[in-house]
Amino acid sequence: MESSRILITSALPYANGPLHFGHITGAYLPADVYARFQRLQGKEVLYICGSDEYGIAITLNAELAGMGYQEYVDMYHKLHKDTFKKLGISVDFFSRTTNAYHPAIVQDFYRNLQERGLVENQVTEQLYSEEEGKFLADRYVVGTCPKCGFDRARGDECQQCGADYEARDLKEPRSKLTGAALSLRDTEHAYLHLERMKEDLLAFVQGIYLRPHMRNFVTDYIEHLRPRAVTRDLSWGIPVPDLENKVFYVWFDAPIGYISGTMDWAASIGDPEAWKKFWLDDTVTYAQFIGKDNTSFHAVIFPAMEIGQSLPYKKVDALVTSEFLLLEGFQFSKSDGNFIDMDAFLETYSLDKLRYVLAAIAPETSDSEFSFQEFKTRCNSELVGKYGNFVNRVLAFAVKNGCTELSSPQLEQKDLDFISKSQKLAKDAAEHYAQYSLRKACSTIMELAALGNGYFNDEAPWKLAKEGNWNRVRAILFCACYCQKLLALISYPIMPETALKILEMIAPYSLDLGSQDPDRLHSLWTDSFFDYSEEKFSLKEPELLFTMVE
């Protein structure tokens, strides 16, 4: 049985560049849709996200940009927070891994793993720059590929032949920043022995939700576990307590940011202990939303880190992965010019158009593609032609004919059948949301709009109006508005602005939105919402929901 308390997290966006449509549809829109749905169900939802602010890519790019590390991550933290707001992502708290609570809990995780014999130190050879007086991580190194001889190969892989290797395997290694020659020196690092938790991890993944095509990947990954270094020779990061001049690898500290971010949230609401009711209570339902490239860290490595703790931290119940979203057949890449400026896009097209199309093409089980042609087709055919047309024509007809106050009339069997079919589709939508399928939810939304359009066409109230059969006209309008009420409900998680407009225009007697936060509608998806017997509608002049995309 699902808990009344729901914890939701989505992969922390890396503070190293702007978010693109692929990021949004892969982790943040699905998490937002699920959060909105669960709030409608009356659940106590906490959706936590935040910036991932450590790691080699940040230090390297900050240095190349001539910026301080904190200055650099501050810039992208603000950008990501603003992007979430513009996209209507209803995150309850957007934290960051430079928050005040993060260092202590990361170091505590490390000590607990040490005490259980799961972290051990090992001396290895790493590349050292005499000129810079420090060890250099792979991203700071270039050299000659040991496989193909390409003389500008990166420190972790060759962009010429695709080979991957350790930076120390490069021939003639040199500093990417200064060009200085590098030498090998011994250095001590801590390693997490994941292979010692293999049986625990296999048992764990059998009990959680994974998309079927990901389960084999995760199981195979666990079967081939090996020790992983948890420390790096860097100055920017969380210091390692017992190793001088070392910080934790970003993959180790970042997922702990979900917990420290919740601590940050608890402090912000004036209840520092509130984080515990989500992270130290196993009756909580925890859903995590990520892109497929983060699967191993969230399905295996972070749960392994939690297994090794003295506190019973909540482990994920549902790990919801997405494949990649391509742009016109290619990966999103600002440097290659295959990129859409999100601000410019939203200045031209409404937010709900974008949210709907991204949800409808969500890469849930395979890579999918965003193209402007499909965006245009879906907006014009589905949002304007089906959805908006149904709402507008019903309300325009009602207002024109003075039928703006509607109450439960005498209904015929065909009306009851229509209401029953509408309710069935709304319940189907609930099932799709509960199973993390935005694509199926979008299909059901359009199916309900088409059902309403078909009913209105078949009953042809304009003909009945000419005959003076106003009781029947009002009955048809009542049923159509009831369908629109359900349409607004099932649309809200994906198209919140549009759903609210519909509810404002039909003004159901049973619904008082005045006391609710419109961005966090709560406890509406109830049996009473579906009851039509005592319902009334007070209709307003229709507002165009969607315009054509040229």
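Glycine is no exception: its Cβ is also placed from the backbone N, Cα and C atoms.
Swiss-Prot lists motif ''KMSKS' region' at one of the ranges 196-200, 331-335, 366-370, 466-470, namely 331-335. Residue ranges 13-23, 145-155, 178-188, 398-408 are listed, and Swiss-Prot annotates 13-23 among them as motif ''HIGH' region'.
Ranking the binding-site residues Cys145, Cys148, Cys161 by C-beta neighbours within 10 Å puts Cys145 at the top.
Counting in whole angstrom, Cys158 (Zn(2+) binding site) lies 21 from Lys334 (ATP binding site) by their C-alpha atoms. Taken together, the residues of the motif ''HIGH' region' (13-23) have an average pLDDT of 96.
Neighbours of Cys158 (Zn(2+) binding site), defined as other CB atoms within 10 A of its CB across all chains, total 21. Reported as a whole number, the C-alpha separation between Cys148 (Zn(2+) binding site) and Lys334 (ATP binding site) equals 28 Å.
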